[in-house]
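**Student:** Questions regarding the structure given below will be posed in turn.
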Amino acid sequence: MRFLSRTTRIYREIYIIIALFDIWISDSVLASSQAEIDKHLELGKKLLAAGQLADALSHYHAAIELDPTNYQSYFRRATVYMAIGKSKPALPDLDKVIELKPDFATAYLQRGGIYLKTGQLSDAKADLRRVLELDPSNAEAAKQIEQLTPLAEFAENARNLAENGQYTDAIDFLTRALEISPMDADLRALRADAYEAIGEGFKAASDLRAINRLTTDNTAGHLRVSHLFYRLGDPEQSLNEVRECLKLDPDHKDCFKHYKQVKKVAKAFDAVVKSSEEKQWDVCLQSLEKLTKTIKQKSAGLTRQMDSYQCMCGAKNGDSAAVDVCSRVLEAEPGNADALCNRAEAYKHQDMFNEAIADYQKVLETDKNNQRAKEGIADAQKKLKSSRRRNYYQILGVPRSARKREILKAYRKLAAQYHPDHYKGNDKASAQRKFIDISDAKEVLTDEEKRAKFDNGQDPLDPEQQHEGFNSFGGGGFTFHHFDPFEHHQQGNGGHFEFRIKKRKQYDSGHDPLDPEQQQGGGGGPGFQHFNQFFQGSGFQFRFHFN
């Protein structure tokens, strides 16, 4: 018995020692854990103040893992969630705070505020009243409670108006309601429907996107927005939204079907945009043709976008259809400055300068500082003045955008018809004048420098505009336009020259400025003597134009 008693006593002493050791260890661990928790909370607080919200959040996660009963850790994490706009995960944390500390008024205030923003009015009312029970002087809670009644009235009025088709008035009430409850998905959906009903598609899309951010796994919402952007004529945004749908559900049948079609359209549309940005107007028009063939499902918005690009690219490229296309754009948007300027450019390509000036003036009436319109109207006025002279494009019957090959083709055809040696008609004098005009037109339009001058309102064959000429014949005033006659003669070539003589007044008064007998100095003066001696027997033909 003594042995057993002694053994029992030893075991009892060992037990006491172990128990005391466990208590010591537990206290040490608790002290260590609390120090670690405090460290995470302090770091989280500093990072939160510095705006490093993601890092702050990670420290609050760690603090909660170490001690799931610390209400401060939950509250601070909820504060970070709300700071980064994630109210949904903040709610469970605030619920836990209130569970652990039922008299924490600030937690009720934060949760009531979330309920108010999301449109959960009864829950918001209960929390805000609890705040005032705990803290009767809380001004923020009192202010939010005062918003509950008008918010409910705004929402009710909006629903009634929308049901009666009074969408504009409904939108007004919904906007006022959403100022108080911006995260109310139902109110945003109602306003999106109202915006669509009055044709404000992009505003509707904005509300629908907000709803998609507020909800999870909303494949139907992303598909709806994708269809809406397609109808609005924005295939790139349409493609982005349908991709979001497929991220949520890769096997979504309707999203995948829409994705295949939109992807092709977006690619073709991107080619149009890119070529226009690079000012490759030919490529732009070709890309528009490809886009038209790609589209299987037409939309009014996409058609308007295509018309806008065809208006711009066609006008820049001198396309004959550009005026009609731009006019179609302006029917939908009468004040579209770009479309007006583009149509004005298209008018100028067709030598309709008065119409071009009128379009530029419309732009300047609303925006007097529009540089494109200011430069355009000056150019159109200059070309209008120039158009009263010979129009070389009209003479050859080619558009202003014609390439050199097209110009030469037109020239050869007309030259064969009006050449003095081949003309079959009776009015040979008229044919000869026509042939000279044709030759002049070919000369100007096939020479890049001369054509540029003509396109800028100058006639490079008009001596009065050029203020220069060949004048080595003793004051005779001869101007050679086609080539250097001396160089041509020395090469042994035949041909013809055209002279423009600044002696029109002498001729009109009965004096022939080319008659040597009528020139001073008897035999025509030194200029004509040199002229006759140099070209005598050369086989050249000469034509003279009087200015």
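Positions of Cβ are set from backbone N, Cα and C atoms, glycine also.
Pulled from TrEMBL, these are the listed features:
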- 37-70: repeat 'TPR' (REPEAT)
- 71-104: repeat 'TPR' (REPEAT)
- 105-138: repeat 'TPR' (REPEAT)
- 219-252: repeat 'TPR' (REPEAT)
- 337-370: repeat 'TPR' (REPEAT)
- 391-458: domain 'J' (DOMAIN)
- 507-530: region 'Disordered' (REGION)
**Student:** In the same chain, who gets a Cβ under 8 Å from the repeat 'TPR' (105-138) while lying at least 6 residues past its ends?
**Tutor:** 71, 75, 78-79, 82, 87, 90-91, 94-95, 97-98, 144-145, 147-148, 151-152, 155, 180-187
**Student:** Who are the long-range neighbours of the repeat 'TPR' (337-370) in its own chain, taking Cβ under 8 Å and residues 6 or more past its ends?
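**Tutor:** Distant Cβ neighbours of the repeat 'TPR' (337-370) are 308, 311-312, 314-316, 318-320, 322-323, 326-327, 329-330, 376-377, 379-381, 383-384, 387, 391, 393-394, 399-401.
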**Student:** Within the same chain, where does the repeat 'TPR' (71-104) have neighbours whose Cβ lies under 8 angstroms from its own Cβ atoms, ignoring anything closer than 6 residues to its ends? I mean 6 or more beyond.
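**Tutor:** 37, 40-41, 44-45, 48, 53-54, 56-57, 60-61, 63-64, 110-111, 114, 117-118, 134, 183.
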**Student:** Who are the long-range neighbours of the repeat 'TPR' (219-252) in its own chain, taking Cβ under 8 Å and residues 6 or more past its ends?
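**Tutor:** Residues 196, 201-202, 204-205, 208-209, 211-212, 258-259, 262-263, 265-266, 269-270, 297, 299-306.
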**Student:** Please list, for the repeat 'TPR' (71-104), how many residues fall into helix, strand and coil according to DSSP.
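**Tutor:** Counts, helix then strand then coil: 27 helix, 0 strand, 7 coil.
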**Student:** So, by DSSP, how many helix, strand and coil residues make up the domain 'J' (391-458)?
**Tutor:** 46 helix, 0 strand, 22 coil
